[in-house]
Every structure is written in structure tokens, then in C-alpha cells.
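Written below as C-alpha cells is the structure these notes are about.
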């Protein structure tokens with residue numbers, strides 16, 4: 001699924017125009033050298049302005065930044081390396097990285113991310129390494145979040161709040177070599193089955209295999225998520241527990257009761273129908289007998305009249 005095809009000419013024209021204004025200054029308290037800007041540990045609360053437009057490597061780690069403005073970040077069209085580790089970023093908006101389509105390395109670990117939309121990384125087709133570990137409030141990922149990051153080789157999802165993951169989320173990552181999934185509260189219930197089977201079928205073995213374990217259900221607590229495929233298949237597809245047997249028993253009883261009632265109603269209807277037909281036949285016979293008797297009396301009356309007529313003459 002292609003969510004975006006890169007920045008259009010309008011964005012590039014806008015970036016060029018802004019570049020004429022911005023110049024090539026260096027942010028206060030930051031170090032700028034050879035297309036590299038280092039603002040590590042400067043207690044910044046906002047994204048720094050005056051970053052040279054030819055910057056290729058930008059270090060914003062160990063600060064207090066809460067957001068990444070797409071308008072300013074998008075001016076760095078040559079940026080290939082962005083480190084935002086250990087800040088206070090809560091969310092990255094749709095198309096936050098629309099102007100940095102050359103980005104190869106992105107570190108958003110140890111922040112306060114709560115959600116990532118399917119469009120956040122939509123233009124980062126060149127991205128090779130992505131780290132979003134240590135975001136404990138990140139509870140879910142959309143199945144198309146990584147749809148366009150087809151060059152990704154390294155993905156770190158450790159220590160987030162992820163409880164399950166749609167198998168489609170990793171389906172497009174055919175070049176992925178390193179995957180970290182440990183430290184997450186994986187709920188290995190029936191909704192987790194598709195992802196567990198996906199890990200087996202596509203040989204998607206996390207680099208921290210033995211540490212990426214289930215926290216639920218009790219039967220699978222501590223099991224590596226790469227090894228719960230078969231147990232889950234048994235529990236969710238082929239295995240019947242006592243609730244299933246009770247359900248089947250109730251279904252059988254309902255079918256039996258419904259059949260019995262239906263048979264009884266059929267019998268009652270048949271008896272009523274036969275009684276109705278019998279009464280109708282008796283009435284028809286009585287009516288026929290009455291007609292015969294009337295006809296006989298009329299015939300006798302006419303015969304008597306014919307016999308008496310000559311005597312009167």
C-alpha cells in the first residue's frame with residue numbers, strides 16, 4: 001500500500017523560498033560543523049530555529065522538546081540522520097517528515113509517544129533504521145504504519161505499551177534484519193494468533209527472541225512470543241474447554257426441545273385437521289340423507305296425487 005509518493009513541487013518551491021530567508025546560521029548553544037548540527041543536552045524545550053538548510057545530521061537528543069514542527073523540519077531536504085532520543089515528544093503528526101524524504105536514520109526512543117498514525121512515516125521509503133523503543137504510552141500501531149518504509153533493516157519496539165500487533169504491520173518489511181520486541185506486555189490470546197503464526201511462517205525472529213514474552217494468559221505467561229503459535233492454535237481453534245462443552249450441551253438441548261415442540265405441534269395440527277374433516281364428512285352425509293328423505297317424500301306425495309285423480313273424475 002502506497003500512502004504517499006514524496007513531496008510535490010509546491011513543497012520544494014516553498015522550501016526554496018524559505019531557504020532564501022533562513023540563511024545558514026547555527027542555533028544558540030549548538031555546535032555546527034560539516035553539515036552536522038549537535039544540540040545534545042542543551043535543555044531545549046522547542047525545536048531550534050536557524051538550523052542550516054544543508055544539514056545532513058541533526059542531534060536533538062537529551063532535551064525537553066515536546067513536538068517536531070513539520071514546516072521547519074521539512075526545510076532540511078538533505079537530512080539523512082535525526083536523533084530525537086530522550087525528549088518529551090508526545091506525538092508526531094501526519095506528514096511530520098514530509099520534507100525529509102532522504103532520511104535514513106531516525107531515533108524517537110525514550111519519549112512520551114502515545115500514537116503514531118499510518119501517515120507519519122509515509123514518505124520515508126529510504127529509512128533504514130528506526131528506533132521507537134521506551135515509549136511506554138504507545139499502546140498500538142496501525143497496520144499501515146510501516147507500509148512505505150520498505151528499506152527498513154532495523155526496527156526497535158522494545159519497552160513500549162504494545163499488547164498486540166497486526167501481522168500486516170510488518171508484512172512490507174521484506175529487508176528487515178534486526179527486530180526488537182522485548183519488554184512489552186504481550187497479551188497472547190486468540191487475537192494474537194495471526195501475529196504469532198506470521199512470526200513463524202515468515203521466519204521473523206526477533207533479535208531478543210527469548211526476552212519477548214507473554215504476560216497473559218496465565219497458561220502462557222513467560223512463553224516467548226515466537227513459540228506460542230502452536231499452543232494458541234490448539235487453544236483457539238481445536239481445543240474445547242468446559243465452557244465450549246456447556247455451550248454445545250445447551251445447543252443440543254435447545255435443538256431437542258425445539259424438535260419435540262415442533263413434533264407435538266405437528267401432531268396437534270394433524271389431529272385437528274382430521275377432526276375437522278371427519279365432522280365435515282358427517283355433516284355432508286347428514287345433508288345428503290336429508291335431501292334423499294325429502295326427495296322420497298316428494299315422490300310419494302306426487303304418486304299419491306296421481307292415484308287419487310281418476311276417482312275424482
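In case you wondered, yes, glycine gets a Cβ from its N, Cα and C as well.
Feature list (source: Swiss-Prot):
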SIGNAL    1-23  signal peptide
DOMAIN    24-53  domain 'LRRNT'
TOPO_DOM  24-244  topological domain 'Extracellular'
DISULFID  26-32  disulfide bond
DISULFID  30-39  disulfide bond
REPEAT    54-75  repeat 'LRR 1'
REPEAT    78-99  repeat 'LRR 2'
REPEAT    102-123  repeat 'LRR 3'
CARBOHYD  112  N-linked glycosylation site
REPEAT    126-148  repeat 'LRR 4'
CARBOHYD  148  N-linked glycosylation site
REPEAT    151-172  repeat 'LRR 5'
DOMAIN    184-238  domain 'LRRCT'
DISULFID  188-214  disulfide bond
CARBOHYD  189  N-linked glycosylation site
DISULFID  190-236  disulfide bond
CARBOHYD  211  N-linked glycosylation site
TRANSMEM  245-265  transmembrane segment
TOPO_DOM  266-313  topological domain 'Cytoplasmic'
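Most other Cβ atoms within 10 A: among the disulfide-bonded residues 26, 30, 32, 214, 236, that distinction falls to 214. Taking CA atoms as the reference points, residue 211 (N-linked glycosylation site) and residue 190 (disulfide bond) are 21 Å apart. The recorded positions shown are 32, 189, 190; of these, the one with its CA atom nearest the CA of residue 214 (disulfide bond) is 189. In sequence order, 216, 217, 232, 236 make up the list of same-chain residues 6 or more apart from residue 189 (N-linked glycosylation site) whose Cβ falls under 8 Å from its Cβ. For the repeat 'LRR 3' (102-123), same-chain residues at least 6 beyond its ends with a Cβ under 8 Å from one of its own Cβ atoms are 3-7, 61, 77-96, 129-135, 137-149, 156. Nearest Cα neighbour of residue 39 (disulfide bond) among the listed recorded positions (32, 112, 190): 32. Closest by Cα distance to residue 26 (disulfide bond), from the recorded positions 112, 148, 188, 190, is 112. Between the C-alpha atoms of residue 30 (disulfide bond) and residue 112 (N-linked glycosylation site), the distance comes to 24 Å.
Sorting the glycosylation sites 112, 148, 211 by the number of other Cβ atoms within 10 Å puts 148 first. Sequence-distant contacts (6 or more apart, same chain, Cβ under 8 Å) of residue 188 (disulfide bond) comprise 196, 214, 216, 217, 220, 223, 225, 228, 232.
In the three-state DSSP assignment, the secondary structure recorded for residue 190 (disulfide bond) is helix. For the repeat 'LRR 1' (54-75), same-chain residues at least 6 beyond its ends with a Cβ under 8 Å from one of its own Cβ atoms are 7, 11, 15, 18-19, 22, 24, 32, 35-48, 81-93, 95-100, 107.
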